[in-house]
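K.L.:
Below you'll find the structure I mean.
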């Protein structure tokens, strides 16, 4: 249920702020590409702002994460409790008090403020007029070329003494451009032909015939490729996979039932994903043929269907984060569609989950250009992922479908320098998650590519995050093998990605009366998360802890249990990008997982 806030409270006049000496905290030199200023923001439009208070000791957090995630450590698998992890990401008490005092003295009412369990996120709800006074900002309504709108500012300020305490306040200067999956062919074309795979045969396609259908997979084929098709889950009660969804996406239960009927007839009819709704999200299943033609809700249905096909009867959860803040009474204007970025709320939700409730694997098929986020804000979010990994959850994030380029049409210009450069993505660039690329075909398996649609599996090197210790040896050698190629186009000392890949081409979505093939890392990421969920199933059945943050493990395996991808590239920026090659490479990572081989290695 959405919370309603009393008008007189939210409209309380802010106190005189003249006593504070303000300084710009973050600013943009120009409106981000693809966006244009439409009009001044209405003064009564409501903003839900998240204040990130800097973590006190990220070094200790990262050390604990390594200790519980490194298979050679005596503490391997001794994951932290909720309280232990949250203690490691608490801000300094002095910083928390300083922010509290600022808000209180500025007239922000106590009931307008909420905090995360660790106290590193402070949420406030204010109309634009009050937010402008608080942040010395000028908000406007911006429109994107894709039709999205957002209430944003090109600069905001906070008191000088709070610069040491605050990592960022968003959504203010963060113009997100999160992507959705792409149809292999247009819906209108699919209505005319079904590739010879109708509703009777898609689910029961003989695995021996899979290599004939590279353009349109069935989940039987995908399970065969991953070596999971003959695995019978123990279905340990602690095991669960969560799918992250945002920006108004809806998973359609009736479509999942159609898929399971054909692809997983072995399952009980009652199997269904659980639903958790946040930030005004709603589960709207009133799909019309026109909405199907528009491709609405494709991401949510790809995620939930591919996960269910792979892991059922193991339970899954659909975690949906809406695109707007709390509702207010009719006197106030709601915030613009999609105006809220979802990451802060997601972090707060995960922090608040009890140990028995935390999903052991999380699939995130959303990513954005790293340069769209303020660096300190991205670091704060990344440390939040570290805390989740330290608790024993494996977080998988798609690398995007733009190769080495940005996600908005191969622009390839670094905002700060105005120079040509490969554009990394976030969260894939965070060292504390597992980034997932996409492959296609069988003989040989190669990097996912569709030149017609300008789609290539994403890859690159972070401009914000340094290369983590688990990558140092291998990536240093890899960069040397490039022999100077692309010097100046990427940050050699940055976190390299992807970590691994999975099949990501021709995934079937049951979509009303049609079955539609899609492609991209939005398909490969839930597949990778599903494989690890099945590995966790086997480990839990033997009394072993879940795998948790898997990167130290897979980088130490150095390709054992993986199909080495040596064909294809991650094109972009008028270059072939990084090429697939023997061993780890910046196109496919370590390659695609072989479940049966990994099962022997981890159990």
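The backbone N, Cα and C atoms fix where each Cβ goes, glycine too.
Okay, so TrEMBL annotates it like this:
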DOMAIN    216-603  domain 'Peptidase S53'
ACT_SITE  299  active site, charge relay system
ACT_SITE  303  active site, charge relay system
ACT_SITE  522  active site, charge relay system
BINDING   564, 565, 583, 585  Ca(2+) binding site
K.L.:
Counting other Cβ atoms within 10 Å of each residue's Cβ, which of the recorded positions 299, 303, 564, 585 comes out lowest?
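P.N.:
Candidates: the recorded positions 299, 303, 564, 585. Fewest Cβ atoms within 10 Å: 564.
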K.L.:
Rounded to the nearest angstrom, how far is the Cα of residue 522 (active site, charge relay system) from the Cα of residue 583 (Ca(2+) binding site)?
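P.N.:
Taking the Cα atoms only, residue 583 (Ca(2+) binding site) lies 24 Å from residue 522 (active site, charge relay system).
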K.L.:
Hey, of 522, 564, 565, 585, which of those recorded positions are within 10 Å of residue 299 (active site, charge relay system), Cα to Cα?
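P.N.:
Taking 522, 564, 565, 585 one by one, the ones whose Cα falls within 10 Å of residue 299 (active site, charge relay system) are 522.
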K.L.:
If I take the alpha carbons of residue 303 (active site, charge relay system) and residue 565 (Ca(2+) binding site), what is the distance between them in whole Å?
P.N.:
24
K.L.:
If you draw a 10 Å sphere on the Cβ of residue 565 (Ca(2+) binding site), how many other Cβ atoms land inside?
P.N.:
25
K.L.:
Cβ within 8 angstroms of the Cβ centroid of 564, 565, 583, 585: which residues besides those meet this for the Ca(2+) site?
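P.N.:
Apart from 564, 565, 583, 585, the close residues are 559, 566, 580, 581, 582, 584, 587, 588, 589, 590, 591.
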K.L.:
Counting across all protein chains shown, how many other Cβ atoms sit within 10 Å of the Cβ of residue 522 (active site, charge relay system)?
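P.N.:
For residue 522 (active site, charge relay system), the 10 Å Cβ neighbour count is 29.
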K.L.:
Through the lens of DSSP with three states only, how would you label residue 585 (Ca(2+) binding site)?
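P.N.:
Strand, per DSSP.
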K.L.:
So for residue 583 (Ca(2+) binding site), how many other CB atoms are inside 10 Å of its CB?
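P.N.:
Result for residue 583 (Ca(2+) binding site): 14 other Cβ atoms within 10 Å.
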K.L.:
Quick one: Cα separation, residue 522 (active site, charge relay system) versus residue 565 (Ca(2+) binding site), in Å?
P.N.:
19
K.L.:
Give the three-state DSSP assignment (helix, strand or coil) for residue 299 (active site, charge relay system).
P.N.:
helix
K.L.:
With DSSP assignments reduced to helix, strand and coil, which class does residue 522 (active site, charge relay system) get?
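P.N.:
Note: residue 522 (active site, charge relay system) is helical by DSSP.
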K.L.:
What mean pLDDT does the predicted model reach across the domain 'Peptidase S53' (216-603)?
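P.N.:
That stretch averages a pLDDT of 91.
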